Amino acid sequence: PQGIGSPSVYHAVIVIFLEFFAWGLLTAPTLVVLHETFPKHTFLMNGLIQGVKGLLSFLSAPLIGALSDVWGRKSFLLLTVFFTCAPIPLMKISPWWYFAVISVSGVFAVTFSVVFAYVADITQEHERSMAYGLVSATFAASLVTSPAIGAYLGRVYGDSLVVVLATAIALLDICFILVAVPESLPEKMRPASWGAPISWEQADPFASLKKVGQDSVVLLICITVFLSYLPEAGQYSSFFLYLRQIMGFSSESVAAFIAVLGILSIIAQTIVLSLLMRSIGNKNTILLGLGFQILQLAWYGFGSEPWMMWAAGAVAAMSSITFPAVSALVSRTADADQQGVVQGMITGIRGLCNGLGPALYGFIFYIFHVELNELPMPESPSGGSVVTQYHLQQNSIIPGPPFLFGACSVLLALLVALFIPEHTNLSVRSSNWKKHCGSHGHPHSPQAPGEAKEPLLQDTNV
């Protein structure tokens, strides 16, 4: 097979690290270019750009996953990385084209789905969770380090060098896939021709969501995930812009915030999560995570000083235990042949939130007139930036309205989660799903059909 050596998890890890390291370098320059390009409706336009990208990713992920089952993983790794990184050099060439291409690139911004499928091809079932954890940890590590490096290089040498460096790393990633990454899907598992049929059910992004109401426990879990992840997705899309332009954080402070929050989240999702699951149980861990998320969002909403943002960030790290706890609850209570179906529902809902959340946050910022009427100015004699002082004079009661909306949404999620039983058997009536998997699964696959499809349903936002 083309590539260096036999397929391994380390090939997937390097692909993920290089892609997200390149984008992490651009964290600070993107915030500046976004405000300069859309000075009047910065938050609204940011929400629309990220919302369109998220919705396109949600719609295209099942199709790309199904096609990679037929045509192989390597070609789709190349395709997704190329189109995801295509906007990077446009940042300095044409900001308008940069944001337009970012929106459209959502169609191919599903590298994680293909990477998880790649890992599933080359690992046994008992090795898979550790391999997924390694991929996710690599993603987190790239985002912990790269924003700080990008902010430093931008301050010392200018943003142009950062864009050139990010473009070079993206090209290195593409070359690595072309030269070094071997195909993981065995030839015997692929049809002889590229004309193999792909059914609509395989490519239908709403296929898993249609089964949500067929079991009351599944319905409760899915409503909880939707109400808690909708504000989280919106927060991810706009929070660093909010810190930079409204709270007066410098580029270095934003990068440090990302790094500290990333490290605390990794600790929370490993050591703290395991201790809580053993001591207070699965359901109570979910409730505790939702409680931390409510506190964090309320603090972001009412916070008007930088130290409040740092304190709320520490709470945000603890709230990151919610989704792993939900996934664990599902995996423990669902039947073996239902794992892919139920996980697919949850991941589908999160994908939908990745599109709706950013647009909703941008719209709420717009409704409450949280806008930037002037460019960030140098520090004033009293210590804060002019933008920060202007903003707080205009919105002294509620500095961040969308975060308060998010806190209310998570409160509803907490009330719904109270009714989820601690121990139960999830039984989704999925005869059509099983029949479909059986008719389109690979005859030589060593895995059951549901297991073969499960990695393609993993969350693409980690």
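Placed from the backbone N, Cα and C atoms, the Cβ positions cover glycine too.
TrEMBL annotations: computationally assigned, not manually curated.
Small disclaimer: the values here were computed from a predicted structure and weren't measured.
According to TrEMBL, the features are:
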DOMAIN    8-425  domain 'Major facilitator superfamily (MFS) profile'
REGION    437-462  region 'Disordered'
TRANSMEM  12-35  transmembrane segment
TRANSMEM  47-68  transmembrane segment
TRANSMEM  75-91  transmembrane segment
TRANSMEM  97-119  transmembrane segment
TRANSMEM  131-154  transmembrane segment
TRANSMEM  160-181  transmembrane segment
TRANSMEM  217-234  transmembrane segment
TRANSMEM  254-277  transmembrane segment
TRANSMEM  284-302  transmembrane segment
TRANSMEM  308-330  transmembrane segment
TRANSMEM  351-368  transmembrane segment
TRANSMEM  403-420  transmembrane segment
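Outside the transmembrane segment (351-368) by six or more residues, the chain places 41, 43-58, 61, 205, 209, 226, 229-238, 395, 398, 401-402, 405-406, 459-461 with a CB less than 8 A from a CB of the stretch.
For the transmembrane segment (160-181), the list of distant contacts is 3-4, 7, 11, 14-15, 18-19, 21-23, 25-26, 28-29, 74, 77-78, 81-82, 85, 88-89, 91-92, 150, 153-154: same-chain residues at least six beyond its ends, Cβ to Cβ under 8 Å. Between the transmembrane segment (97-119) and the transmembrane segment (47-68) there are 3 or more Cβ pairs closer than 8 Å, counting only residues 6 or more apart in sequence, so the two stretches are in contact. Below 8 angstroms of C-beta separation, residues 27-28, 31, 137, 140, 143-145, 147-148, 150-152, 240, 243-244, 284-285, 288, 309-310, 313-314, 316-318, 320-321, 324-325, 328 of the same chain, each at least six residues beyond the ends of the transmembrane segment (254-277), sit close to that stretch. Of the ranges 75-91, 131-154, 284-302, 308-330, 403-420, the one with the most Cβ pairs under 8 Å to the transmembrane segment (12-35) is 131-154. Recorded stretches compared: 47-68, 131-154, 284-302; the one with the most Cβ pairs under 8 Å to the transmembrane segment (75-91) is 47-68. Across all of the domain 'Major facilitator superfamily (MFS) profile' (8-425), the predicted model scores a mean pLDDT of 80. The list of residues near the transmembrane segment (284-302) in space but at least 6 beyond its ends in sequence, with Cβ under 8 angstroms from a Cβ of it, reads 224, 228, 231-232, 235, 239, 273, 276-277, 308-309, 311-313, 315-316, 318-322, 325-326, 329, 398-404, 406-407, 410-411, 413-414, 417-418, 420.
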